[in-house]
Amino acid sequence: MQPQIMRRIPIHSIPLLLIPVPEMNTPRSINSPGQFNLVSSCFNHHYEHSNHNTMTGFFKKKVRFSRTSTVHLPATPQLYRSRSDSPASSLGPITPPSASVGLPGPTPYAYGYYGAPYDGGHAVVPGKYQAAPPAPPPARLPLAPVQPIRVAPSSSNSPHSSSSHNSRGSSSSSSQRFAIHRYLELASSHPAIVYNLLDHPSMAARHHYTLSPAVLAEPATSPALSSLTVKMPTSLPSAWDLQVAPRANGSFVTLGDVLDQLYAQLRVNINQRDFDHLRSSAERKEATAAYERRYRRYRAQDAYLREKKGGMKRVDFLRGKSVFLGLGRGKRSAVWILNTG
């Protein structure tokens with residue numbers, strides 16, 4: 001019998017045994033196939049310390065992804081059922097019942113919510129309501145009768161008027177005194193109305209508002225006069241004094257009559273004799289400069305040329321002092337003096 005010779009076989013020439021091992025600690029669904037990892041079944045201490053550094057002795061675990069999602073649903077807890085209320089609900093606050101609260105309203109005929117009568121803030125249970133008493137008719141106060149405007153005779157017809165009525169600075173006076181309209185009263189610092197005699201009376205304003213037609217129709221004096229006299233300032237000839245007559249209603253002079261006729265009187269063109277009335281060459285230069293400033297106020301070319309071609313007017317003799325300050329009382333009745341600044 002031939003003896004057997006034992007040879008030493010290197011460990012790396014031995015085939016490895018592959019054993020299928022299921023993947024542990026990994027959730028699976030019913031429909032997904034099992035996932036397996038390949039693990040080496042042989043461990044060799046000598047091979048681990050060999051020069052073959054390409055092998056570590058273990059196959060690294062690989063991550064697998066399933067095509068289906070795995071959802072873990074917790075079990076439904078058992079509900080607590082009892083015939084009586086639970087302790088938690090029994091200790092809770094009790095919801096108060098809703099009550100109808102009347103809304104406050106005007107007294108004495110006020111009503112509550114949903115048409116219920118209002119009883120001073122207390123709730124009224126809806127149900128049988130009684131009709132509210134009818135409201136009393138409003139009290140009608142007797143109206144005072146409208147007093148007609150009494151027109152006083154003019155100063156020319158008064159028996160107390162002096163024979164020198166047309167003379168300037170007459171010392172005679174009438175026993176009856178007249179009050180001028182509040183918008184025509186003299187005020188050197190703060191006039192009642194803002195008005196420049198260069199402009200039309202429609203531009204006169206009070207507190208940034210133009211005067212209404214009702215205000216312009218008020219009597220210019222109290223009591224109302226059928227005529228009155230407005231004397232011009234001393235810088236203007238006495239022949240330019242204005243006799244205001246009623247035009248709006250034909251019976252007495254109104255506020256609008258005074259402003260309109262005063263504007264028309266100062267818009268009259270002057271002649272050579274009027275220009276020579278100025279005492280000095282300085283006054284003539286001031287009047288000419290006032291004329292130039294007047295037509296240069298217009299921005300539109302047509303208005304500028306029209307005012308310039310109109311020539312010098314009486315208002316230019318005020319020499320720039322064309323702001324209406326009011327009418328001062330004259331020495332005689334129904335006579336007032338124009339004041340400008």
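Any Cβ shown, glycine's included, is placed from N, Cα and C.
Among the features that TrEMBL reports, compositional bias 'Polar residues' is placed at 79-89.
Per TrEMBL, the feature region 'Disordered' maps to 79-99 (among others).
Among the features that TrEMBL reports, region 'Disordered' is placed at 149-174 (among others).
Under the heading compositional bias 'Low complexity', TrEMBL lists 153-174.
Among the features that TrEMBL reports, domain 'DUF6699' is placed at 193-331.
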Secondary structure content of the domain 'DUF6699' (193-331), with strand meaning DSSP E or B: 57 helix, 28 strand, 54 coil
Per-residue pLDDT averaged over the domain 'DUF6699' (193-331), given as an integer: 94
